[in-house]
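Enquirer: This is the structure, below, for whatever I ask next.
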Amino acid sequence: MSLLESSLLLFFLLLLISLSIVSAQTSSYTAYRTSFLYQTSCTSNQYFDVALLQCSPCPANAQQKSGDSTKCECINDNYYYGVNQGGGSLLCIPCGSNYVRSIDGFGCITTNVSCDLTSSTQVKSEAQLEGDLYTPVSPSPASQPRIGNATCVSCQSGTWTDQPGQRCTPCASVTPRLGQVQNANITCCNTTTVQDGVCLKYIDDGSVSGFLYQNIFTSPTTSVFIQQHLRASFFLCRMNLNSTTAQAATRQLLSNATACQLLANIAAMQFYNGLNGYAYYFYDTYIWNPPGSSVWTISSNRTSIPFLAYPSTYTQDISSSTYNWIPATYNQNDLLRIKLAKYSPTGKFLGLFDAFDTYMQLCGGGYTDGQAAFTFGAQFNKACNIRADALWNSTLYETAFFDPYVVLTRNGTDYMIPCPVVILNYHSTTGSKPNQNSDESTWSYNRRFFLLDRISGITTTTSGTNGLVNINYATTIKILTTLTSGEAYIQPPVIIVGYSQLSLSDIGKGTIVQVSFASTYRMDLTQQVTNIWIAFGVIAFFGLVLAFFRTTIWYSRKGDDNIDLAVIGEFSAYISNILATVFFIVLAGVSVWWLIFYKRQDRVSLVIPTDAQQASFTALVVLAFSLKTIDILHLIFRQTMVDIFFMDWEKPQAGIKDNVSIWRTYFVANEYHEIQAFRRINVTFQIFFVLFLLKVINLENIATMEPGVTLFPSDNDYQPGYSSILRVGIAFSMWLATALVQYLVYIIFYQRFVEDKIINFIDLCSVSNISVFIFTDNLYGYYIHGLSPHGTTDVNIKDMIMNLERESNQLSGKRGLQTKSEEQTFIVQISRNFRKVYTEACNRYHIQRSRQNENVMGEKQAESLMAAYQNLNGILCAFINHSLPGHEYTIRERTFQEKVLNYEFLNRNPYQTLESEQSLFFVDNDRNLIRAIFAGHENSLFIWNMATFIFIDYFAFNYVLAGIVTYILNFIAIKICMSFGRRNLSTKTLIPKSFLI
């Protein structure tokens, strides 16, 4: 069989294979779903496909090229190249008997030529300088001699000058074609019609035109690089992808692999602009989705053709309940292994690199930062400033293109699966920017990206020279990794890239640009968020019931049968109090739960919520602080509006009228004023100790966005950012632990062995012979029985010492209200009738007070005021002594239920008349009287302090600032309480404000 017959037979066999395979458009391409083996070497009959990053078989009669695993070559020199486009795109056609492949590879020569190649005077030449063959084979269209340039000779038919212009070379070497041409003659292009050094005569069928060579800057111009390469790369990549020459499952593709990569690079430079005339349009219309019914199989990998865009159904694929592409088998400190296939601007495959070697970061940082960026489950964020001049011309930054892949392991074997790329600068054909929407189902997912483009901005200036006028650079890169809702799989990480541009006018002016790189993990937290709101709803429901119950209690103690604005306001205040507490409990529980399970997980199955997912948590923080602040203001208002009166039991000495000293009353009132803001928890110590734990012991580092705990990282280690939800968790834990220690130390040691301010105040009342009535509500309040068992306390120091000595030796009566009892504190529920008498006496007293002239107090006015005071004092003393006609009271213990609910169930008989009602005194051994001061509301105040600290730090990420603001607000609350409480005491007790210090 002759050489020509062999060639024709091979091509017709290839071209006449059945065309019945169903074509696949982009929407039906599914190969991206399947992981493939991660390989670094191929067998001798395979080559490494730089588009698929896997081994593909060499065509018939070919094997892996020696020294370059990305290409195939004919198995021996008995075959010549009908086509050789690199990679696996070649045809090995047998030479006839007694012939071997020529040196240029595109023809055959006789084998009876031998030269002594060891001699420096002999070389093996296959053709005359003008291109004539020494041993012509007729016909031999692909076997052409080389030429030289020693003399000016015209190249023979079928040859043309090579690039240096020194030899006549066969047209076949620079004229790719689909097979044999008509009449077996290959004619050359004119020099002016050569595209990118290649003659496109036999692959440009004239059906495709309208190429645009524009770059995509703010002011697009013709790019020298795109103009030079777009048309040639398209036709070389397209080759036999048309309906006439398309082949099916067993066909051999002739696409030039390097040209396909070059076309993909141009599409990436143009941000995948799909308008007619741009690179991506030609790629998508004629190569990826070529016209015709039998071009691609549905899910097959497309040899030598880079995959540039995911179908519109991609979001549905990865959100499906049957999704199982990438198992989530990552443990703590495991790396997310992302590989980058790197290509030069002209399409040459440069290798496969690990992303954690900072190939994806213009900021650099080396392996240390790179490893931190890809630690699975750890949030990474790094930004840096770069001089525009460095991006423009520094050799530190290169123009290269990357296709990302994620490496996964199954049964001990590594596989790879492609990762999508989202270009924020992408414009659809309608001009919209879908990749900037929050709805990810509208995003356009691509495959290739670059960090710096200093190529497409080279244009021809008005002077005719080529110059760089614009560059594009990646200003933001974010790797978004999503765990599925069952935490069994992860979705392919999404590389989100945003580009900015620099122009020539920005150079030489010291312009600084900021670039950033981030790695974020997320998961579907819908169930967790739902659980949070369910927990809130359940607790809030019981809270509302409790608010209604408390309002009912307050309403009964108010002694008014009308429901007015005051009742509604009080109900709102109770709701504010309870909801604030509920919000705080929920946010504290959520944050501590996240802190524990995120930091202690061995197999990573929980990640930090995104900002959008934290919206509910943020609302909890804001509402807890806001409502609790309202509650504290309401608390201060109620506390500074109580009715209080100091009853003086002291009697005038015999024969001396009105000689009872007022100083005892002043002293007791002053002590009460001092304990109004008393709390068992010292807020100043609390703040300082919490800051010591967080900032000095470095417990703040527990809140970093990485699994595991490193309290004292090395200076060389990357320090991850902080998570606001974890900061809440660790801050709450430290506040709670410190407060519990403080409270226990106070209860167990301090108040037993140092002092108990409440007991001291009660003792002072007894020593001063002063009783105290405190009405927090109209019919409800507290009573401290301060009647001295000695009858008088306005004595000299000797008598005072003797009185105390007799009392300690039990030689005198008891201090209690009841005979032989020590019970001095009571909860009082007075009758409406007695309240009426008390109010009338108070009104007379306050009328006299209102008539007082602050500058001048006459003797008559003083006597009237004194009379009103003594009248009120006498009424209360008579009431306590059961000597006030028509006004009796009984004393009893509260039941267990009443103590738990703080409500006296039998406080009033609805069938009793106003005159027959009796007041009730309940023994208060539990010291409920502290509810009239700050100490009785420690929980609310403590929650408010914590909520303030957490609220400030949540938005400022600064514990020190949070501590300062908490201290200031607490100080202001104390000052408001003391100031208004002082005014209230002065108004209600005849004590000038100047004596209350």
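Every residue gets a Cβ built from N, Cα and C, even glycine.
Remember, TrEMBL labels are computer predictions, not curated facts.
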Enquirer: Taking 761-784, 929-952 as the choices, which stretch does TrEMBL tie to transmembrane segment?
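Expert: Spelled out, TrEMBL records transmembrane segment over residues 929-952, not the other listed ranges.
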Enquirer: Other than its close neighbours in sequence, what residues sit by the transmembrane segment (929-952), given a CB gap under 8 Å and a spacing of at least six beyond its ends?
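Expert: Residues 577, 580-581, 584, 587, 621-622, 624-625, 628-629, 631-632, 635, 639, 642, 675-681, 683, 686-687, 690, 728, 731-732, 735-736, 739, 757-758, 774, 776, 781-782, 784, 825, 827, 958-959, 961-963, 965-966, 969-970, 973, 977.
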Enquirer: Honestly, do the transmembrane segment (574-596) and the transmembrane segment (725-749) touch, with at least three Cβ pairs under 8 Å and pairs 6 or more apart in sequence?
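Expert: Contact confirmed: at least 3 Cβ pairs fall under 8 Å.
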Enquirer: With a Cβ cut-off under 8 Å, give me the same-chain residues at least six positions beyond the ends of the transmembrane segment (958-978) that come close to it.
Expert: 632, 636, 639-640, 673, 676-677, 683-684, 687-688, 690-691, 694-695, 700, 727, 731, 934, 941, 945, 948-952
Enquirer: May I ask for the residues of the chain that lie six or more residues beyond the transmembrane segment (532-553) and have a Cβ under 8 Å from a Cβ within it?
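Expert: Same-chain residues near the transmembrane segment (532-553) but 6 or more away: 567, 570-571, 574-575, 577-579, 581-583, 585-586, 589-590, 616-617, 620, 901-903.
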